[in-house]
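Here is the structure we will look at.
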Amino acid sequence: MPLLLYTCLLWLLSSGLWTVQAMDPNAAYMNTSRHHRVLASVNADFAFSLYKHLVALSPKKNVFISPVSISMALAMLSLGTCGHTRAQLLHGLGFNLTEKSEAEIHQSFQHLHQLLAESDSSLEMTLGNALFLDGSLELLESFSADIKHYYESEVLTLNFQDWATTASRQINGYVKSKTQGKIDDLFSGLNSPAVLILINYIFFKGTWKQPFDLASTREENFYVDETTVVKVPMMFQSGTIRYLHDSELPCQLVQLNYAGNGTVFFILPEKGKMNIVITALSRNTIDRWSAGLTRSQVDLYIPKVTISGAYDFGGVLEDMGIADLFTNHANFSRITQDAQLKLSKVFHKAVLQLSEEGVNTTGSTGVTLNPMSKPIIMRFNQPFLIMVFDHFTWSSLFLGRVVNPA
């Protein structure tokens, strides 16, 4: 019987390097750091690989995903697998089971989940996972206990035979309730039977450490390509901003911080050279950018938009070597022993809102580095990249390519 995995993901957080925290002298901090540092490199490599696969499939479209959320959802799913299916899934996520046990992998994700869930008062964030199982199947209690322990998740039973009037409404109602109405209508229908659905939901609203000037936002042109121009509200701030004109890649970038752990890289490739920059994306590139950014006087223009992406990852994961899940060879015997399951869909949705709000009052939007210096003007009015990371966990929370923000 086919298994349908749906993942709805809405994430926004921030950035950092993958090794620096080992230098912190505080023992408790280092102990916690060890857990999420283990995941950082693995998750980052998976993130860039998945992102590049999606970009290749949609060369002229927006691409926006929450990589760490996808890794977490698939790692959670692996708790229900056995044998070659389990080994292939974890290997596809980047783990070497001869170096790191399955228990250690899930313990690391457990710490990561806890850290991401502990947002400060300046953030509004709701995140969670849930599994919906066909009520005709008997769930193994050990699986339910494991996903509760490691991922704070739960399994709910539904009547999937009555999808239109019962199952879809119950799932949508569950997510709407958990996110206080921020995520609605996760499902509208299925074109094939389902016995198991996995959802992963996140709502995030952050505030900039340095806000954009509300009074300066105005409609401007965004040049999608040589023949397409759209109108977007363009935000503005002027002040001391971390900036880099890359000497190795054809791009400029700035780094902006949210209150709390969030940080965002906005990357502006030269016209026609977007693919060169995307091909070079890696942990080493991010480390080099982080080291090269310098405080500069910048006049910054960024679209005020909602960026989103929704994908069925089935074919992409198969291309990346995670194929057993979708065949009759799939082994989900740690979820139920009542039926032979296989995965039919992996659905992911990510949404990010860019707005002016910050922790400071709007008026003077920045600190001037040198009143006599001519500011660098960065206007994101053509296709650009956005990358959102978390300072504390070094997690890749959003990777995006914005071709048309309208």
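Backbone N, Cα and C atoms are what each Cβ position is placed from, and that goes for glycine too.
Residues annotated as cortisol binding site in Swiss-Prot: Gln255, Asp287, Trp394. Here Swiss-Prot flags Asn31, Asn96, Asn261, Asn331, Asn360 as N-linked glycosylation site, drawing on sequence analysis. As annotated by Swiss-Prot, signal peptide applies to 1-22, with the evidence given as similarity to another entry. According to Swiss-Prot, the feature site 'Conserved cysteine within steroid binding domain' maps to Cys251.
Between the two most distant C-alpha atoms of the annotated cortisol binders (Gln255, Asp287, Trp394) there are 15 Å. When the Cα of Asn331 (N-linked glycosylation site) is compared against those of the recorded positions Cys251, Gln255, Asn261, Asp287, Trp394, the shortest separation belongs to Trp394. The shortest Cα-Cα distance from Asn96 (N-linked glycosylation site) to any of the binding-site residues (Gln255, Asp287, Trp394) is found for Trp394. Distance noted between the C-alpha atoms of Gln255 (cortisol binding site) and Asn261 (N-linked glycosylation site) is 13 Å. Comparing the Cα of Asn261 (N-linked glycosylation site) with the Cα of every entry in Cys251, Asp287, Trp394, these being the recorded positions, the smallest distance points to Trp394. All protein chains considered, the CB of Asn261 (N-linked glycosylation site) has 24 other CB atoms within 10 Å. Residue environment of Trp394 (cortisol binding site) contains 27 other Cβ atoms, counted within 10 Å of its Cβ in all protein chains. With respect to Cβ neighbours within 10 Å, the recorded positions Asn96, Gln255, Asn331 differ, and Asn96 shows the lowest count. Counted within 10 Å of its Cβ, the other Cβ atoms near Cys251 (site 'Conserved cysteine within steroid binding domain') come to 20, all protein chains included.
Taking the C-alpha positions, the distance from Asp287 (cortisol binding site) to Cys251 (site 'Conserved cysteine within steroid binding domain') comes to 16 Å.
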